[in-house]
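Asker: Here you go, one structure.
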């Protein structure tokens, strides 16, 4: 036997989806049941897809029909629908095989449902066919208007820009299916902004169509509309606004208002630390007021200046670590210049504005510093209590040179004295542990809050302290009267 799928088309016409042609697998075979043998046809069909339009405003509507070609209409077949959505979103008429949707479907939320079907012979209680999967696809309708996702839009162009100058590109998105007709195909148009601006219908690129003078008007509001379905009747639309500002020409250079800045930095500050800000002012607007700060004089090459592009401040940062004991003050000179200068306006920017920065280094109480980043020592196993292992050493880098105390963290096998000498406090057995990983701390005695730690690795060396042993007990057998040289049995 096989199934046919009866599907309603989008035009309301029921379509019978034929089964695939019979193949070798469609041959009949004899199956024995309690009622006697009868012929059973192997499945030679393929499940087809159901299609249902989204947003159907009915509480229950027919999608299609599952029907067995063995169903002779005597109501002995029972059709069952299985799956996560069976009984909730989709139901089946167990007598006719008609499938219904019980709620409105939204393709943008879910476009495909996979269900299973089975046919039961109610007279025998047996399945006519095993469970089979089929798919219900939700087809698209034009129910989503275009949306501009990157709002708000703002652009800046120089005044008196020629016709055709690119201003900005706006992009709208449509949640409908792009493969379903023209539902997601968009066209852009200008609702407000003529005669100064134009827009490319398919790309959303806005261009200048007439020269503008900033001194007459320095900004324009442009309204853009995006329509789906290529603007055909029934199309949905969305709009957005674009603020277009005209920028000034760059006829003013930035100038420092302060001729001297005093900054401080701690000697413990890491590289990359911001130690202060400097500020220049520019009477221009827009990108003509964007500026770059840089170091003009710094023999030590210890500092750098970066520009905060939002606030137009110069941020002085530490490029190399400083040491109060080595050098406690620095003098550097900084300069500032505009980032965008037209060749025709270079006469206004011939000499960059500069300022002097004095940097004072502050002394910090620093923790002890070990002479090596790690230590590796060796000791023979079996060494007696108090045997020497090795020596670690740390020093206070500050001027006061505090004495140092040492300790071994969480170890019952080793100890350390105030000179950094490590000894073994218990006999060691390489066969138990061949390596010990220790952590030795150094603490300033003038300030116990200043602590450093270093890893110490101790390798236990082998000595010949174990006789050889057989891995197991051997018991042998020999026959009486065995000849000389005859092998033994184990």
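Using the three backbone atoms N, Cα and C, a Cβ is placed for every residue, glycine included.
Quantities reported herein were computed from a predicted structural model and do not represent experimental measurements.
This is the feature table in TrEMBL:
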- 1-21: signal peptide (SIGNAL)
- 68-148: domain 'Cadherin' (DOMAIN)
- 149-256: domain 'Cadherin' (DOMAIN)
- 257-370: domain 'Cadherin' (DOMAIN)
- 371-470: domain 'Cadherin' (DOMAIN)
Asker: Please spell out the DSSP helix, strand and coil residue counts for the domain 'Cadherin' (257-370).
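Answerer: For that range the per-state counts are 11 helix, 56 strand, 47 coil.
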Asker: Taking all residues of the domain 'Cadherin' (68-148) together, what is their mean pLDDT?
Answerer: 83
Asker: For the domain 'Cadherin' (68-148), DSSP counts of helix, strand and coil?
Answerer: 0 helix, 41 strand, 40 coil
Asker: Summarise the domain 'Cadherin' (149-256) by DSSP state, stating how many residues are helix, strand and coil.
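Answerer: Within the domain 'Cadherin' (149-256) the tally stands at 3 helix, 47 strand, 58 coil.
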Asker: For a three-state summary based on DSSP, what are the helix, strand and coil counts in the domain 'Cadherin' (371-470)?
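Answerer: Within the domain 'Cadherin' (371-470) the tally stands at 0 helix, 45 strand, 55 coil.
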